[in-house]
Structure formats: structure tokens, C-alpha cells
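Step one of this worksheet: look at the structure below.
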Ligand SMILES: *Cc1c(COP(=O)(O)O)cnc(C)c1O
């Protein structure tokens, strides 16, 4: 049944969508269902989905084994509190995460969303130093152009310009922001590229709890791919100046960058790891923050005697059961071959964009393709053009990018990319 005009009007008048206006809301595209890589609209049209619903739907929509896991679990128990109670879905999920993540991360905190996973990571780092008798170490170092979520703690470590710091100044915690690595992925490390980090840690180490980074791929803050060598050095510097390293792999986790976790490009383990987005294959919200036994035990030996966090829906069985099915699927498939196939295909089919005069850069890493423009595009004018091409792409600012489900065929990848290029071409007139 297509949505009625009354329903759509209600949506416009009463419902906030992400970063949307209540005065002049843009038209919304009504969805009927979705399957594989296709989103079916209520008027019957189908769109090839280039966004994987913001990095999360890695196996495609309406997947039989994820559906089966959800059905089986909902008939047992959809939710039960995690305080004092436990269950198989949470245990088996945590076991998988401990086993598949970089070495040493074997204490698991399950939370509700990516932003909360970041809050949890920040609190872990601060509580750790508190427990070690260094309560002055409570600031974070973060990279410019970073994105870590929309809650207050997470916002404080987002890029100070695009991350709404001005709007919330006086409310946000004051953190230390340093330039992002200048060395791009695949380039030899530029001389002095780690100097800002080293100087900050050397001079302010006694007030810094942790460095937080999106390893290798900065997502929503700029779709920027940087050098694994920089990350390797950052790990060394954090150890040297006694600062924890938090890796926010909420976007990059589970194969997106070509490695299961982006930290693997640098061969490092962080002290704290944040996961989310693709964790449930995009079925529902769930996140995890992992840390080491040492940090877990130090926090627990501190004054509080425990880690001070415990959300209502912690360890939600339904979400954990679907996450288990998603990770099983990932491990049973040759996901690396699929991601590398997509990387090859995106590289070839996006390359013609480089010759457009409005295009500043085209780059691909793993199953992420980015076209960076000279000028920001108007979402309101460009969104309908993509829909007309039968593709779902949602640019922000100067960035038109795709991160398709890993199951997207080469033919669909070609349609997606040529659709984008046609739209950009049309914009140039
Ligand atoms: C999306 C994202 C977050 C926030 O996750 P939510 O589930 O939207 O709260 C945090 N960090 C990174 C790197 C992300 O991409």
C-alpha cells in the first residue's frame, strides 16, 4: 500500500529525520520493503542501495538467515534486563567478538548505539586513570575532521568546526584537537606527520586519558583515507607517553576497509575498541566496546569498584542473536574476496568521474568509494535526480560516496556508479 498524502503530511509536520528542519522539511522517499541490495518504494520503483543504510547492511536487506535468527529469538525472549541475568545470545556474541577482534581485547561491554559505545570508551579511559590515582588525566586527544557520534561526549571529540562545537560551546567538554594525518593511505609517511601528536602528548600527557581515532578511514567527517604507518606511530607514542588508544571502528569494523578491522592495516591493537553499525548486519541498533583485561581489572580495583555504566537495553537478546547470525555469515563467506571485488569494480566505474570539472578527487578503499567535489551539492536538488536514476545515494557537503552491501553484483555496481556520474554530469550542465 502506498503511503497516503495524509501520512506523508503527518511525517513532514511531526517527525524529525536526521539533521532535518521542522520549518522547511525536504520531501521524504517512502519505502515499502527492501531485499538484497534493492530498496522498494511504495510506488513500486526499486532503488539500488549505495549506502548500506549508513555502513550497516553488509549482507543486504531481508536476509534469510538473519530473519531466521530474529524469528527464533523473538519466540524465546525478545528482551530481558542484563543486570543480574545473562543469556546465550550475549555470551556467544561476546565470545565471537573477543576471538575476531585484534589481540588483547577480551572484556566486552554491550550497549545500544555507536554514540553510546564512544561514551562508554571515554568513561573507561577516564575511570582507568582515576583508578590508577591520576584523576587529572581526563581529557581526550582527537583528530580534526573526525566523527564519533552525536551525544555530548562523542560530540566533544568530533571535528570542532563541522562537529557543532560553536553551537554547544560552554557545554561541551574541552578536548585537544590536532590535525588529521597528512599522509594518505598508500603514501610513505610524510616527515613530521606525527609531530603534532607527539608534541601534544609530551606537553599535556599528564592531563590526557586517551587518543581517540577512526583508524585509517575518517568517515562522516570527510571520507578520508590515511596512512597505516601514522597509526603505527600513534600506537608507539601513546605507549611512550602513557596515554590510552581508543579505536572507533563503528564505521570501519567487519571488513569495510578491506581488513576485518581497519587497525589490522597497521598491525596494531588499541586499548579500547568501539563497534556498531554493521554489528547486526544493519537489522537493529547494537554496539560493543571492548577493552583489555588489564584495563577492566584496573577499573574494577578502583574506588568505584565497578565500571559505572549500565543501559536499560544492555545486551538485548534479540539484537545479540541477529548479530551472531550476521558474524557467522561473515565468517562463513569469503568476505575479503567480495570486498576486494567491489574495490576493483568501484575503482574502474568511478574513475570516469575524475574528468568532470566539478570533481576534485576520486578515491576508493575496500568497499568505500568517494567522489570529492569542489563545491558542496544541494541535497534537495540532487536527491530526486539519484532516485530518477534508480539508485540511493545520499551525499553530504562536497562528498558523494558509496559503501554498498558486500553482496552487490558487478552489474549493480556499474549501474550505481554510472548513475552517479550521469547526475554529476547533468549538474555541470
Ligand atoms: C556512525 C558513527 C558513530 C555513531 O554511531 P550511532 O549509532 O549513530 O550513534 C560513531 N563513530 C563513527 C566512526 C561512526 O561512523
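Using the three backbone atoms N, Cα and C, a Cβ is placed for every residue, glycine included.
Following the DSSP three-state reduction, the secondary structure of residue 147 (substrate binding site) is coil. The substrate binding site annotation in TrEMBL covers 54, 147, 277, 310, 394.
Residues or ranges marked as pyridoxal 5'-phosphate binding site by TrEMBL: 114, 115, 248, 311, 312. In the three-state DSSP scheme, residue 114 (pyridoxal 5'-phosphate binding site) falls into the helix class. Using a 10 Å radius centred on the Cβ of residue 114 (pyridoxal 5'-phosphate binding site) and all shown protein chains, the other Cβ atoms total 29.
Annotation for residue 277 (substrate binding site): spatial neighbours 54, 55, 56, 114, 250, 251, 253, criterion Cβ-Cβ under 8 Å with sequence separation of six or more. According to TrEMBL, the feature N6-(pyridoxal phosphate)lysine maps to 277.
Taking a C-beta cut-off of under 8 angstroms and a sequence separation of 6 or more, residue 312 (pyridoxal 5'-phosphate binding site) has the following same-chain neighbours: 81. Reported as a whole number, the C-alpha separation between residue 394 (substrate binding site) and residue 115 (pyridoxal 5'-phosphate binding site) equals 21 Å. In this structure, none of the binding-site residues from 311, 312, 394 has a C-beta falling under 6 Å of any atom of ligand 1.
The Cβ of residue 147 (substrate binding site) has 158, 159, 163, 214, 218, 219, 220, 221 as same-chain neighbours under 8 Å, each 6 or more residues away in sequence. The two recorded residues, residue 248 (pyridoxal 5'-phosphate binding site) and residue 310 (substrate binding site), have Cα atoms 20 Å apart.
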